[in-house]
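Data first, discussion second: the structure below is written as structure tokens.
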Amino acid sequence: MPALACCVDAAAVAPPGYAAFFAGDSSLPAASPFSSSTAASTVNSNSTHWSTAHSTALYRIEGWGAPYFSVNDSGNITVRPYGTDTLPHQEIDLLKVVKKVSDPKSVGGLGLQFPLIVRVPDVLKNRLESLHSAFESAIQAQGYESHYQGVYPVKCNQDRFVVEDIVKFGSPFGFGLEAGSKPELLLAMSCLCKGNREALLICNGFKDAEYIFLALLARKLALNTVIVLEEEEELNLVIEISKKLSVRPVIGVRAKLRTKHSGHFGSTSGEKGKFGLTTTQILRVVKKLQDSGMLDCLQLLHFHIGSQIPSTVLLQAGVGEAAQIYSELVRLGADMKVIDIGGGLGIDYDGSKSGNSDLSVSYGLHEYASAVVNAVRFVCDRKSIKHPIICSESGRAIVSHHSILIFEAISATVPTAMNPVDLPSILDGISEDARADCWNLIQAAVRHENETCSVYADLLKQRCLDWFKEGSLGIEQLASVDGLCDLVSNMVDASDPTRTYHVNLSIFTSIPDFWSIGQVFPIVPIHRLDERPDVRGVLSDLTCDSDGMIDKFIGGETSLPLHELEGNGGGANGRYYLGMFLGGAYQESLGGVHNLFSGPSVVSVLQSDGPHSFVVTRAVPGPSCGEVLRVMQHEPELMFETLKHRAEEFCVQDHDDEGTYAALVSTIARSFHNMPYLVAASPCSLTATNNNGFYYPNEEDYNAAVDSGASEDEHWSYCYA
């Protein structure tokens, strides 16, 4: 917007008492830094001293983060890798991890680009152990006469190292895997070859002959495989193929329960759910197996109420109904051994401990396990049936906490400066109606009538816009009117003071559940938490899409308390880092390549006794521009050749030397090699060097390109080094 002209003698045209207003007198109350919220009301926001305790309460960190996340005395988020058993010196400072990962290799860093996923396998191990311990405690306390044996549904996060870690960490207590498709089954088969021989391999999902063949082959390979029937027709294939392979299958049935989860995640439950068999279909399966002499193969009952079960009341109702079906299958002669309660073990995304929200649950691991064991035991004891093995398919509760998405805020919108307004230039040339709106706006502003100000500002803007479209108003006058409206809005706080923080991220790639189903995750600055957050903001990503905006946060908030972006802020080289927590389930597997933004870089971090309490055990750069182009069937090598030849023609035409050509080609190659995200200015990114209109990141890169004299093959290998 053009700068507004300085005010001339406003008293000559303004009603008495208004001249000071147009001269820039900001005696009207200023907008508050951010409005109070439910979370913020628990802290003294007017205190001149801000502590990490204030930030912990403001962002509800103890509510959603305990026992794995806290804030240290430096104001940085730390990871407690062993949960409640973590000692103070074992906490991992996320800002130190970010520095190690992002610093250039020349100073001992790893040189990775943002966005970044930090995995903490120690947390993953602790979640598995805690889940198993909760069930074992409930089993002992209630005199349950069998055991718990869980499986991890790989759909939650199919990353190789995540699945391999789960198999390794779960091996001591026979923790297995669940697959819902053929590639997931192949993945599970391969990983379980290195796991506990008793670990279950649960085969869910719709199945064709090839899927069933693979599952039976897994059984033949001594994997403890169970084929769960999702459709009645699948049984015919199981019987036919098992006979051909001479494999005695272990079969389960998925039951459609009447108990229904009413929340968003309960859409697959109830009689009209997507998966499973009705009681009528289950009886037909029993009859067919009996006729085939295979009723002893039916050994497992599976059901799924829905993800994020909000309360143990609903949980017990569903488990009780399923246990009754289990007991009936025993009565009908099936050799039942396992009751698989499916998923549904929820996590508290917003720290509210509420049983009436898709974002929270009103129980912990021990309450969940106790409710399940009690419901199964009650039915079995009443029917005098042997207690079955209890299996659960808890994915979200296992992997969510161990993965943190870290990204940068690279810029922010700045409120319009409250410049004096040239009132005569505004009034000159506009219609009488517009003049009336202008004076009404001024009077409402002086009276602090915020809503009225908004009404008159909208009327004034619309009238002037109509005149501008007709060609009767110049752009200077239109800008002056906008300036007047902005000035009034700032002074009386009639507009939303929320700023937009632009983040180096694709929501569609890294947080797809927010875009697709409105799932809210905790988002918190990972540093500067010993400073008061002075503004509120929403987060806008890099994509050219209006949906690429995070404007909903935990606690029902529509903006997030944030700090000003400063050149020397937070001791992080002027950068501002945000973390999205509890996103380890589904986000990576569901993310797409909208605008051809690829996935983030990934590092694994283990706790160590070194000076920084951590060691980076694995670092994987995010997919490059060339790799993401290849996903969409483009051929980066041919694209590079095309651009290289065009660059050669251009340089010949402009009589550029060979050094310029070599530098240009190397820069193109580097672009194919780099990630699609922005590279923020840093101490290692010097001012660009300009040579005949071409810009290179720094003088060192330019000189290297000029001196390279690389061949065509060397240029391309540099791209994919």
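Each Cβ is built from the backbone N, Cα and C atoms, and glycine gets one as well.
All TrEMBL annotations are machine predictions without curation.
As annotated by TrEMBL, domain 'Orn/DAP/Arg decarboxylase 2 N-terminal' applies to 143-400. Under the heading N6-(pyridoxal phosphate)lysine, TrEMBL lists K155. As annotated by TrEMBL, active site, proton donor applies to C544.
K155 (N6-(pyridoxal phosphate)lysine) sits 29 Å from C544 (active site, proton donor), counting Cα to Cα.
Looking just at the domain 'Orn/DAP/Arg decarboxylase 2 N-terminal' (143-400), the mean pLDDT is 93. In sequence order, N595 make up the list of same-chain residues 6 or more apart from the residue listed as 'active site, proton donor' whose Cβ falls under 8 Å from its Cβ.
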